[in-house]
Amino acid sequence: MELQKRFLEKIYEVTKQFFALSTEEKQKYARETGSFQGYGNDMILLDDQVLDWTDRLYLTTYPEDQRKLKFWPKVPIEFRETLHEYTMKQHLLVEKFYKAIARSLGLKDNRLREMCGENAAMETRFNMYPPCPRPGKVLGIKPHADGSAFTLLLPEKNVEGLQFFRDGKWYKAPLLRDKILINIMSNGIYKSPVHRVVTNKEKERISVATFCNEGPDTEIEPELMSEAKTKIVQKD
Ligand SMILES: O=C(O)CCC(=O)C(=O)O
Ligand SMILES: [Fe+2]
């Protein structure tokens, strides 16, 4: 447990150190037009688009042959190695998680894994929200539901900001210490929660979100959910 805690701290540490670099240094990993990977803010899709109050680094981490290392920071020196280790740990967790979800849906243990394929894809987004002079006017991230099958989120443990929407109201997510929060896929049974991040005047906030999806060329068949639903109904 102590080891796990130290490892999660290391992820925060390298993330913080990366965002603390000069803009010039960070720009070496800048996102290219039309690509999601790299350093930078939102893709600009509309003239009057409101930008999120955030600095981001977005990287494909799995399968390994999909990585674009030119966007992987060389500074801090431990960044790449830490992200690789984190990805491998997350991959093991994802395997276990697929099993647990399949079981909870009344499906065979390997059903989701088979469907999502060995090469389930993972992308990691490092978010840094700087202190904001007008917190009431600007959001760190606008309301959204993650498009991933599920998200492993390492939220900042000292600074609040994440909120979830439920029954017409926003609720603050409690601060989590050395824990990963899992947001689950969207389907008729598990709902993908709408969330946002608010800003504050005093403190920067960091989070690391890993989006997990079925592998390339894989589609999750809609029948799976009917299969699951039927089983759940039969169980009741
Ligand atoms: O910063 C957070 O706590 C949430 C980040 C998030 O929702 C995202 O990156 O999709
Ligand atoms: Fe999100």
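Keep in mind that glycine also has a Cβ here, set from the backbone N, Cα and C atoms.
Remember, TrEMBL labels are computer predictions, not curated facts.
Listed in TrEMBL:
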DOMAIN    120-214  domain 'Fe2OG dioxygenase'
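The DSSP breakdown of the domain 'Fe2OG dioxygenase' (120-214), given as helix, strand and coil counts, is 0 helix, 46 strand, 49 coil. For the domain 'Fe2OG dioxygenase' (120-214), the predicted model reports an average pLDDT of 88.
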